Amino acid sequence: MLLLLLLLPMCWAVEVRRPRGVSLTNHHFYDESKPFTCLDGSASIPFDQVNDDYCDCKDGSDEPGTAACPNGSFHCTNTGYKALYISSRWVNDGVCDCCDGTDEYNSGIVCENTCKEKGRKERETLQQMAEVTREGFRLKKILIEDWKKAREEKQKKLIELQAGKKSLEDQVEVLRTLKEEAEKPEEAAKDQHRRLWEEQQAISKEQRERELAASAFQELDDDMDGAVSVAELQTHPELDTDGDGALSEGEAQTLLGGDAQMDAAFFYDRVWAAIRDKYRSEVLPTEYPPSPPAPDVMEPKEEQPPMPSPPTEEEDEDEEDEETEEDEDEEDEDSQGEQPKDAPPPAPAPQTASPTEEDRMPPYDEQTQAFINAAQEARNKFEEAERSLKDMEESIRNLEQEISFDFGPNGEFAYLYSQCYELTTNEYVYRLCPFKLVSQKPKLGGSPTSLGTWGSWAGPDHDKFSAMKYEQGTGCWQGPNRSTTVRLLCGKETVVTSTTEPSRCEYLMELMTPAACPEPPPEYPVEGDHDEL
């Protein structure tokens, strides 16, 4: 259309007599047979005062062809190019402002008429733009047809998935029931296996405790009369109960339940549990009789002298606030080393049996393992079906979203939905994924920064689909969240052409796409080369 408008003046323009600097559209105001009325109506003057180099009208309309009025306008006819208004102050200023040179009629300089050359270049540009529009619109129609077909296919696929979903849901429920049925004997067999193992552990532990108690009884029974007396018990001051470092006769008698002595059976039942953790053997632990192999059986702990009560949490916090970590470590070591004045030297650290295979639960028997394998197979089938159902539900959601999305009046922008486009500048790589997000990352590497996620179409009311808005990107330091407006321009290819930041944290991106090409106007043939000017 612009090309036609440019060509029409060349074909049909006729010379109309008018004062210098007056346009064809205003020539009827300048009738030399009548007085001239200022265009703003401020005054009327004789016509011979028009262009007399003296400003009579407030709006400068009486001096369109001179520089007398600072607010006047001079019209450049520019035949062969585009007409132009310039300020009257530029008339005869020694600078060629009109391509036809008519503004310098009395300045003494000669202006070359460049209008035809400019018109030729302008027409070439307009022709190229028209070609881009025609080709882009042709591609746009293909995109529209492609989306119609793709949309129909997606709708069919959606119907198939929705039908398949019901079948898969039923399958999942069947497999869930089979899994639960298979897990019942599995759990029962595993519980029985664990219970038998724990019972064996308890028996082994009881046996070991009796052996330890018997060994301690033999050590305490100095006269080997088959009983432990108060005096024999007093030979072990570590059994002190009042913290004075010695086991008094009364304390020993209390430990023996008020009796003067006690045989081995009563010693295990009544005394051993009370002294077990304090008692220190008089022989090395290696001289104990070896324990029978049993799971989860540990060597008895050797007795240690009484330790001071550990500090409370509040005391610990106070110490942390007042002292350094190194001081606390030293205090802990000191507190562990404190002993009553009359206490015997500290005993070696208690030794425990090293972990062995017997300490671990034994492998499942063949029948239990068979139950486990069957249940695991049922679980695997159920989980696989459940994953398939979740994948199908995700596919259904994606299809529903894509089918219902607003891709333009005829779906011409749908092809952008699954694409991303990049623009590399000196500092950043900008990435646009239409209908999803915009981001930037440093060219030399680094994490991407979100410039916004899809918000809405953002063009004016008469051209809604000419711009996109992406919002709620990464927040700027002490500023708003980043956002991006994407202007859609007509082009034969889809490419990001520019990215700028006109306002802080607000970006402007331009995307060329055939989908933005308008329908070109019909082409009217131009008959011959009738340039009457």
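Note that Cβ sites are derived from N, Cα and C of the backbone, with glycine treated the same way.
According to Swiss-Prot, the cysteine that forms a disulfide bond with Cys517, out of Cys476, Cys490, is Cys490.
Residue ranges 166-169, 358-361, 530-533 are listed, and Swiss-Prot annotates 530-533 among them as motif 'Prevents secretion from ER'. Candidates considered were Cys55, Cys57, Cys69, Cys76; Swiss-Prot assigns the disulfide partner of Cys98 as Cys76. In Swiss-Prot, the cysteine linked to Cys99 by a disulfide bond, out of Cys96, Cys111, Cys115, is Cys115. Across the structure, Ser167 (phosphoserine) and Glu63 (Ca(2+) 1 binding site) are spaced 88 Å apart at their Cα atoms. With respect to Cys76 (disulfide bond), the closest of these disulfide-bonded residues in Cα terms is Cys99, chosen from Cys69, Cys99, Cys433, Cys476. Comparing Cys38 (disulfide bond) with Asp56 (Ca(2+) 1 binding site), their Cα atoms are 9 Å apart once rounded. DSSP assigns Cys55 (disulfide bond) to coil, not to a helix or a strand. Taking a C-beta cut-off of under 8 Å and a sequence gap of six or more, Cys517 (disulfide bond) has these contacts in its own chain: Val132, Thr133, Gly136, Phe137, Leu139, Lys140, Cys490, Gly491. Rounded to a whole number, the distance between the Cα atoms of Asp52 (Ca(2+) 1 binding site) and Cys505 (disulfide bond) is 56 Å.
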